[in-house]
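This report refers to the structure that appears directly beneath it.
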């Protein structure tokens with residue numbers, strides 16, 4: 001259900017940036033107010049990322065007003081904050097479909113709009129992409145401008161500083177907008193600082209500054225004195241020294257909710273030479289009191305009624321796998337103070353809130369710095385501690401070298417609790433946990449476990465905790481557990497051993513992970529044997545051999561890419577044993593999995609019970 005645009009009379013006149021730029025500047029505050037109200041009601045209908053977008057309304061209006069998008073390139077980092085951008089770039093009438101099957105993509109996506117100049121989803125990529133586009137713009141000589149928008153949270157990633165260091169060295173024309181959305185507006189944001197930013201970005205100041213540099217080039221002592229004087233004057237009101245040292249001209253901070261100040265400052269900065277940083281201060285959840293008070297809790301929301309000023313109550317139900325992990329972590333920390341938990345800015349999502357509160361000295365949030373988080377764990381292991389890295393499958397990709405070089409190569413006992421393994425759903429291809437089994441399986445010294453239910457997950461986490469011969473990983477999906485009876489006592493499982501769950505004939509289904517219930521349902525119609533393999537690596541070779549000897553067809557089932565996954569490991573072992581056998585591999589196809597609800601995606605990929613049965617029957621009919 002789309003919103004009635006007649007309720008937003010000024011916004012109705014700005015369905016595209018070209019239309020926005022036709023409006024008088026005096027109307028921009030009203031555009032921003034109506035855009036915020038539209039976003040509020042739209043996300044209430046569709047669900048989605050919420051607080052970040054409310055904080056970037058004025059910024060988005062100013063950017064599209066000053067810059068000639070899409071000719072000028074605008075790159076958003078991550079994209080959580082880009083909903084207002086989508087609304088202003090011709091997608092207003094489809095906002096109610098965002099994150100839904102066949103609807104708008106959850107993040108800026110090149111295939112969706114010419115205004116989305118770079119597809120995003122993971123943090124820290126915007127400045128590298130913007131630098132490349134700035135270099136290309138200089139080669140084209142067409143007058144194209146390039147802007148990257150990045151949040152303060154993403155500034156903790158090493159890739160950001162690698163890009164800024166390179167940009168400062170090359171000195172191409174580009175603007176980086178640092179959206180600093182801390183919980184409150186900084187004290188030095190206000191009329192004085194806005195005026196200072198406009199003054200320092202103005203033509204007179206910059207001409208004087210650049211001309212002075214040329215004059216002082218032959219007088220190094222006076223040049224150094226002038227430089228220090230300028231830095232001292234700026235340093236009294238601005239925290240830009242770091243960016244200046246990296247080769248950027250720094251302007252700000254200014255109030256990111258003052259659309260007129262943003263427009264005037266950007267107009268001044270638009271034609272400045274070299275790399276520029278505009279530091280703006282915004283408030284997550286701006287304009288909606290519950291989100292302002294709890295921006296983390298309102299980061300992403302289900303469908304809700306904004307007029308109630310609260311999210312819908314969650315229905316009591318099964319715990320999530322993240323909660324199962326969080327409880328296990330607290331239980332084990334009660335027994336062992338050497339357990340140290342590390343997460344790259346995923347405390348809430350990984351189920352670690354209680355642990356962080358109860359065991360603050362054993363909890364480390366490495367921020368959005370996955371490479372650092374993994375090597376930090378390696379260092380802890382060297383010193384005799386028991387590090388546990390809680391990380392999403394899609395983000396572990398970003399620390400692959402550290403996993404190999406710093407952990408596995410040294411056979412360090414680091415436990416990886418890999419959340420969001422398999423189909424994640426609405427966040428789409430940038431967040432599906434499709435590849436972890438494949439990219440870990442080829443690493444020597446790794447033990448990889450895939451639990452079929454919450455009790456097995458708990459026991460596998462304990463198994464990894466006890467395993468000291470090298471790194472281990474337990475990967476589990478997003479969402480609710482299966483309802484299995486949890487055994488509070490923790491027992492280490494025998495490494496590399498699976499269990500037979502159902503005895504049948506002719507067909508043996510070798511299941512890896514939480515698709516076990518669907519495999520068992522499909523097996524009833526086929527009278528097939530079902531095995532809970534438990535371990536992807538080391539594989540239970542004896543059990544695979546037994547199944548191959550006693551069945552005509554083997555079927556492997558996993559919620560991971562078929563290429564290089566657990567099923568590929570079964571085929572490799574059969575070849576090694578010189579046992580030719582008909583094997584059907586069921587899993588994720590060789591494509592990036594689109595967004596939709598987990599249930600929709602699972603059904604479309606034929607990974608539910610009905611689909612597994614259909615795939616097996618089709619294979620048998622060949």
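Any Cβ shown, glycine's included, is placed from N, Cα and C.
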Exercise. According to Swiss-Prot, 80, 121, 122, 123, 153, 154, 288, 370 bind thiamine diphosphate; identify which of 181, 249, 268 is listed for that same site.
Key: 181
Practice problem: Around the Cβ of residue 122 (thiamine diphosphate binding site), how many other Cβ atoms lie within 10 Å? Please give the count over every shown protein chain. | Solution: 20
Quiz item: Of these binding-site residues, 80, 152, 181, 370, which scores lowest on Cβ atoms within 10 Å?
Solution: 152
Quiz item: Hey, of 80, 122, 370, which of those binding-site residues are within 10 Å of residue 152 (Mg(2+) binding site), Cα to Cα?
Solution: none
